[in-house]
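Asker: Here it is, the structure in full.
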Amino acid sequence: RREDEKSLQSTEPKTTNLQKELGLFSGICIIVGTIIGSGIFISPKSVLSNTEAVGPCLIIWAACGILATLGALCFAELGTMITKSGGEYPYLMEAFGPIPAYLFSWTSLFVIKPSSFAIICLSFSEYVSSPFYAGCSPPQVVVKFLAAAAILVITMVNALSVRLGSYVQNVFTAAKLVIVAVIIISGLVLLAQGNTKNFENSFEGTKLSVGA
């Protein structure tokens, strides 16, 4: 009888459970770092150059902020309803079935995530190298080399340890929030001091073309 029980136990499928290595603070930092992406430091210049006026630029930023908030609320609701790991995969599985969830997961793995990660690292390398090339753009060789180095370092950190990756994420999220806070507070201080020249005729010269 004992031999039968041992044979049954050996034939039972083994399940793998993920270890809970992340605490509440690290989880919050991951969510905040995902919502407040690096695009907030990259896109202001291009938005202002394409609209060519302060007024529409601020309207676009406000609209995008509202849209991002709605998206975050939707994900928060989905997270409380479907408590399964896997990112967007379980949400798509419940809503649309296995085929859309499968296609999205592989597309995200091979296209969406790598391309966005590459853009972030390229932007990071441009900001890091620009102080060493005052008055001109840094060479593309330097930018691409630094971007590749950043990708390798971040990949190694996340591959070595979940906790180490969470610590790095926490540091970058904290730095991001500090920079955003400094920008906001500096703007409010300048407004309180009466520096409102940028808001005078803020819609003058607005580019209204479709490609703006």
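Cβ coordinates come from backbone N, Cα and C, glycine included.
Note that TrEMBL annotation is computational and uncurated.
From TrEMBL, for reference:
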TRANSMEM  21-41  transmembrane segment
TRANSMEM  53-78  transmembrane segment
TRANSMEM  99-125  transmembrane segment
TRANSMEM  145-162  transmembrane segment
TRANSMEM  174-192  transmembrane segment
Asker: State, in range form, which of 53-78, 99-125, 145-162, 174-192 has the highest count of Cβ pairs under 8 Å to the transmembrane segment (21-41).
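Answerer: Looking only at 53-78, 99-125, 145-162, 174-192, the most contacts with the transmembrane segment (21-41) come from 174-192.
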Asker: Which sequence-distant residues neighbour the transmembrane segment (145-162)? Criterion: at least 6 residues beyond either end, Cβ under 8 Å.
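Answerer: Long-range Cβ neighbours of the transmembrane segment (145-162): 19, 21-22, 117-118, 121-122, 124-125, 128-129, 168.
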